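What Swiss-Prot annotates here:
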| type | residues | note |
| --- | --- | --- |
| BINDING | C297, H485, H489, H495 | Zn(2+) binding site |
| COMPBIAS | 69-78 | compositional bias 'Gly residues' |
| DOMAIN | 1163-1202 | domain 'PLAC' |
| CARBOHYD | N54 | N-linked glycosylation site |
| CARBOHYD | N263 | N-linked glycosylation site |
| CARBOHYD | N800 | N-linked glycosylation site |
| CARBOHYD | N910 | N-linked glycosylation site |
| CARBOHYD | N931 | N-linked glycosylation site |
| CARBOHYD | N952 | N-linked glycosylation site |
| CARBOHYD | N1012 | N-linked glycosylation site |
Amino acid sequence: MGPEMRLTRICCCCCLLYQLGFLSHGTTSGLQLTPDLEEWEVVFPALWRRESLNATGLSGGSSDPGSGRSSGGGGRGQASGSSREVRSVARAPQEEATRGQSEPWFGSPLEPGAEDEEELESQELPRGSSGDTALSSGTPASWQPPLPPQRPSSPPPAQQEEPSAEEVLLRIPALSRDLYLLLRRDGRFLAQRFAVEQWPKPGPDPTRATADPGSSLLPDASCFYTGTVLRHPGSLASFSTCGGGLMGFIQLNEDFLFIEPFNDTMAIIGHPHRLYRQKRSTEEKVTENSAVHRHHCGVISDKGRPRSKKIADNRREKRYSYKLSQEYNIETVVVADPAMVSYHGADAARRFILTILNMVFNLFQHKSLGVQVNLRVLKLILLHETPADLYIGHHGEKMLESFCKWQHEEFGRRNDVHLEMSTSWGEDIAAVDAAILITRKDFCVHKDEPCDTVGIAYLNGMCSEKRKCIIAEDNGLNLAFTIAHEMGHNMGINHDNDHPSCADGLHIMSGEWIKGQNLGDVSWSRCSKEDLERFLRSKASSCLLHTDPQSLSSVLVPSKLPGMAYTADEQCQILFGPLASFCQEMQHVICTGLWCKVEGEAECRTKLDPPMDGTDCDPGKWCKAGECTRRTPAPEHLAGEWSPWSSCSRSCSSGVSSRERKCPGLGSEARDCNGPRKQYRICENPPCPAGLPGFRDWQCQAYSVRTSYPKHALQWQAVFDEEKPCALFCSPVGKEQPVLLSEKVMDGTSCGYQGLDICANGRCQKAGCDGLLGSLAREDHCGVCNGNGKSCKVIKGDFNHTRGAGYVEVLVIPAGARRIKVVEEKPAHSFLALRDASKQSINSDWKIEHSGAFSLAGTTVHYLRRGLWEKISAKGPTTTPLHLLVLLFQDQNYGLHYEYTVPSDPLPDNQSSKEPGPLFMWTHAGWGDCNATCGGGERKTMVSCTKIMSKNISLVDNKKCKDLTKPEPQIRKCNEQPCQTRWMMTEWTTCSRTCGKGVQSRQVACTQQLENGTLIRAWERDCLGPKPATVQRCEGQDCMTVWEAGVWSECSVKCGKGVRHRTVRCTNPRKKCVLSTRPREAEDCEDYSKCYVWRVGDWSKCSITCGKGMQSRVIQCMHKITGRHGNECFSSEKPAAYRPCHLQPCNEKINVNTITSPRLAALTFKCLGDQWPVYCRVIREKNLCQDMRWYQRCCETCRDFYAQKLQQKS
């Protein structure tokens, strides 16, 4: 290859150096390293060429007078600064000339040794040769690159193909080694007619301003770079150099390196950069808890149809007729709110946002996504004022809805996706597929207050007119991952945590990613790929197949910890503004989270992020990786002998045993041997007795006993923190105020409420389902150790309820269920409730529990409530059915998602599942009347027994709930308007007698309530109604032995000896009367009050032989026992002495011989008076006087009878 060709490549490389901004006017700048740190301050790294090195340049070269340099293989000579410092590439002409005469660039060959190694590390080493190199107009000076000396850490061998002039090789010392980044220019994320607008235009004419050609607001597409780290397959790098500095990230295995300038000037001269690392913790257990990602990421589903995330992983998908295309393009509009523009400045905000979008573009280029998805930025809008019809506030859902409506009005007018659209952007801007709002506003999804949410988007909203919207909060370079994550949601990709088969990984759509902590890799999970393909096969993705043609070239292209440069106060000012300072009250936990106090506010605030590594925590210590560690590094040493295994950390249940080793000869400062210093193993003990508190709770209670406040003893309970599973957080009972009491729980403590992993020395040690520490054996979602997940099936569904109040049954989870998870789709003023067959429950009987673990249906159920959001989970298996209910308080749109697994094999016939029986529970059926009409009264709820069966609720007899604890009625104040006057009474005093009847009293006064609520005494005549009683009767019930006897009954006989009875009962409330003192219930008696009775004789014969006659009998009053006559019988009880009798009719033939005329009878019969005076009156009335026999016995009465007859005839 001739000198001319080499010179051409050198010129291209030199131009690139200038564009990257690695030039300075004689300013000393470079890398500064400290061996014990993994954080770097980068002024500019060295640039390499990828092609083969000139063998002749490895040992020296010829002098080039034109360049003012002499060829050589040595160092810089008397360069000032650190031996690892990198000088500016370009110098002023005067300095260049001086240096060319007095200071040769390369002197004598380097001497071997450490000095040689350090000097080589700081050289710029692109390949080149001697010759003149002219920079474009405006460059400070011409420059020729030096030849790279031979060294072990030289770049890899040359590639066979001819390299492109747009390629650069960037060397960055990090992670205790040199990283070589092969970068190519890549501005494909900018659309052909990309424009930057400021709304309104700054200045006297406040209209929309589009940047003119050549304006500083328009980006140069050549300052965006994409590439990889050589010798590291799967790595990714994305950078921007638009402002003269270097900004972007490197992903290398499990490490993330972020690079950005220390300030926002991004000047052309060299200046410090911040390079910091975020690494995924290999010891952190990734759980299925979706509360974490829901806390930081808001996903709004369709209001009219179920969310697409509720899709079983193993089901057979519907085969769509749409075939996947090879490439999809997302035409995007990006809007920066006024707070964002004001915070960064218009120019810096533009550079920062475009750098972020370049990173987002590269995240979607990852091969794990399965299809090529290109981000095309059509327009960047910088808002200096908030439009009148756009809401920007704390309420995230409201802001998302407002932004979608606003962007539709501004950018949504189009005729057809194939046609060009005519708007204020230009004449041929393509249709908008997505709109992104970047804000500095701290928002929350469902409430109007700040919280930790950093992104929100509509699920499956892309291409939709009013749902293709994303809002992301500015959180530094992590903003790129937030936007990529939320754009994934907008394209129908659910959280990995929502898929059981993908919940254990850390990919872009996992819950951990959105927080910007514990980053995994930049790949997309298998579930994300399937969700995206499902969306792309649907009609909803049709807009992604049409794009504006891309006309831009599509060419691929520390010495100090940051906490040493920024104090805790300065870090708080970066997060919360210039009035913020570090909260001194939280000094003891500074490394776990940076707490700041803003002037004028009473409480400290935090964003849950730890301070920068290097921040002072204690004397002689600094924060590093979230822990307060010593500044002086410990020396390495040789391995020593292991100690015997220690005793088990627990006396019951599972614990850990450990052994240690020390390295001889290094004293107390020895830290680690070659290999682990401490080893652990699981030790098993008998199960802990029932009723003992959990191990974490016991540690919290033990702490409270050690405090100097006895009143707080036994008042602490453990609170589990998912971010620090092996730290001891405790909270007062009944309050949600967790306090970090210890950075390490005791060895043997479980890492969480579920799982087998155990904490040892403050770290979560993995344990397999086979009970072995370090084992990789895991249960599948069916609960089978090392199973294949095919022995069960997943049951999932949604519950939506819009009206009603009280308890509503959602479903009955059958016995044998595992992996139970119930999650509210959004926070609501309602409560989840569970009840099993043994009446154990959570949130039943109108009693709301705090977050914690509960034993129901033979398993441990974990109830989590954060604000208004709730979640219930259980590992299972359940032994009895579980009733899932919702306690609704008011009409609202309420929704929740549930899922669990059940065995695939059907149950045996004798174990066939039966329809669960009805569920009875006490409920508050309504409110009673107020007990006062004014002045403040109370109304109570009416507690009734409720039957729940097949989601139907009905009121039943209270006897059905007799075995349940009846809740106290709820009390609500009512009629609180003041009264003019009213009677006020004190409580009744205790009864004057503790046993038996007594009296009790109270004070009664007439009072008047003033406007300020004060009560004063008034005249009794001013109060309405009679004065309430001041004394009342009472009966003491505290009697040790009180028998109460009833009245004796009458004697069982009325004449003679008999028995009488009475009732006897114990009146003691506790029924503890002494039997020996029990009165008699029966006794003998005598009664002679009814000894005289009427005695009757036999009836006589009938008085006649024919016709009507009479019969009589003797009646006498006689004594029952003695037989004596008396007159003590009751006349009302005397029986009848006579009765009529009837014989055959008399012969009507008259015998004159037998007829005696009454007159003759009266004349011939000497009447001596009536013989039967009692009966004669009856004989006369019965017309029997004509019978001589009766006449003779009653002659006197019959004579008068005949006399009257004769008178009547005469």
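Keep in mind that glycine also has a Cβ here, set from the backbone N, Cα and C atoms.
Keep in mind it's a predicted model, so treat the numbers as computed, not measured.
Here the domain 'PLAC' (1163-1202) has Cβ contacts under 8 Å with residues 1103-1104, 1108, 1110, 1112, 1138, 1156 of the same chain, all six or more residues outside its ends. Spatially, by CA atoms, the recorded positions H485, H489, N931 include one closest to N800 (N-linked glycosylation site), and that is H489. Between the C-alpha atoms of N931 (N-linked glycosylation site) and C297 (Zn(2+) binding site), the distance comes to 49 Å. Its Cβ taken as reference, N800 (N-linked glycosylation site) is surrounded by 10 other Cβ atoms within 10 Å in the chains shown.
Residue counts for the domain 'PLAC' (1163-1202) under DSSP, helix first, then strand, then coil, are 25 helix, 0 strand, 15 coil.
Following the DSSP three-state reduction, the secondary structure of H495 (Zn(2+) binding site) is coil. DSSP assigns H489 (Zn(2+) binding site) to a helical segment in the three-state reduction. For H489 (Zn(2+) binding site), the same-chain residues 6+ apart in sequence whose C-beta sits under 8 angstroms from its C-beta are C297, V299, A457, Y458, L459.
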